[in-house]
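K.L.:
My questions all concern the structure below.
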């Protein structure tokens, strides 16, 4: 069997993504019922972190342990990834020691080079370009609360960042409508828009957050300046009209969900009233990172 990498939603088939989501639901239910299975007994996951992390580190570590495997954490400063040793050599060496590699990095190119040279599965834990694991958790969370996402409308307001890039890919893979409102100069990368449209994504772009959110089934945002992207920082006055507050949520459907990958800058991209309110499912999202990633791990390792 060829090596199964999980680099982006665009690189995995719709059928495999749906298989993983269904598997995540089953694994979550079994855990809640007290069932314990260890399909990854004896397997080791190397976790490489160029960027600090809470959810990614803990969810992959706990997830691997719940599946019976083990983890080893490596930081960019410890490894000097791509500096004292080439990424290609690192990939080849780690492939001799471990069964899979997860990387959270500021550089998507590092992920791709690692994938090209590793002989074990490589998982994208987050890059400056995409965040596919987050979208797996988001779709799982939406469907837990509202049923199949196909045909529904999801709205994004804020910065055109890595989460939005994966959301664009998800819109094509999972067949939902995506409305996007970003300020001028903060647009998502054109390559992700083009890929989504070429694969059936139904996209609508606007400068108006109210227009984007109108009758949406779910409203999604993220921090205005992503970690490691401070050089892209723009004045809050540029983004302030895109804040998700009660007034903006009123334009969505009455039962609309609110999502945020966390950590949230309360009072900036979202108000306390919304993130702590009845629309919010942000902590369900965070929990589902664990279960969605367990399904990704099992798929990558053929378990």
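Just so you know, the numbers here start at 1 and follow the chain as drawn.
Note: Cβ is positioned from N, Cα and C throughout, glycine not excepted.
In case it's useful when we look at the structure, here is the feature table from Swiss-Prot:
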- 53, 54, 55, 56, 80, 104, 131, 132, 133, 134, 261, 262, 289: carbamoyl phosphate binding site (BINDING)
- 162, 222, 226, 227: L-ornithine binding site (BINDING)
K.L.:
Round to the nearest Å and give the CA-to-CA distance linking residue 131 (carbamoyl phosphate binding site) with residue 162 (L-ornithine binding site).
P.N.:
6
K.L.:
What are the sequence-distant neighbours of residue 261 (carbamoyl phosphate binding site), meaning same chain, six or more residues apart, C-beta distance under 8 angstroms?
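P.N.:
Those within reach of residue 261 (carbamoyl phosphate binding site), by Cβ under 8 Å and sequence separation of 6 or more, are 55, 131, 134, 138, 163, 222, 285.
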K.L.:
If you measure from the Cα of residue 162 (L-ornithine binding site), which of the binding-site residues 53, 133, 289 is the nearest?
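P.N.:
Checked the binding-site residues 53, 133, 289; minimum Cα distance to residue 162 (L-ornithine binding site) goes to 133.
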K.L.:
Which residue, out of the binding-site residues 55, 131, 289, shows the minimum number of other Cβ atoms inside 10 Å of its Cβ in this structure?
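P.N.:
With the binding-site residues 55, 131, 289, fewest surrounding Cβ atoms within 10 Å: 55.
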K.L.:
Just how many other Cβ atoms lie inside 10 Å of the Cβ on residue 162 (L-ornithine binding site)?
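P.N.:
The Cβ of residue 162 (L-ornithine binding site) has 26 Cβ neighbours within 10 Å.
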K.L.:
Could you list the residues of the same chain, at least six apart in sequence, whose Cβ is under 8 A from the Cβ of residue 133 (carbamoyl phosphate binding site)?
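P.N.:
In sequence order, 6, 56, 123, 124, 125, 126, 289, 292, 293, 296 meet the Cβ cut-off.
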K.L.:
I'd like the number of other C-beta atoms within 10 A of the C-beta of residue 53 (carbamoyl phosphate binding site), please.
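P.N.:
So the Cβ neighbour count for residue 53 (carbamoyl phosphate binding site) comes to 17.
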K.L.:
Across all the protein chains here, work out how many other Cβ atoms are within 10 Å of the Cβ of residue 222 (L-ornithine binding site).
P.N.:
26
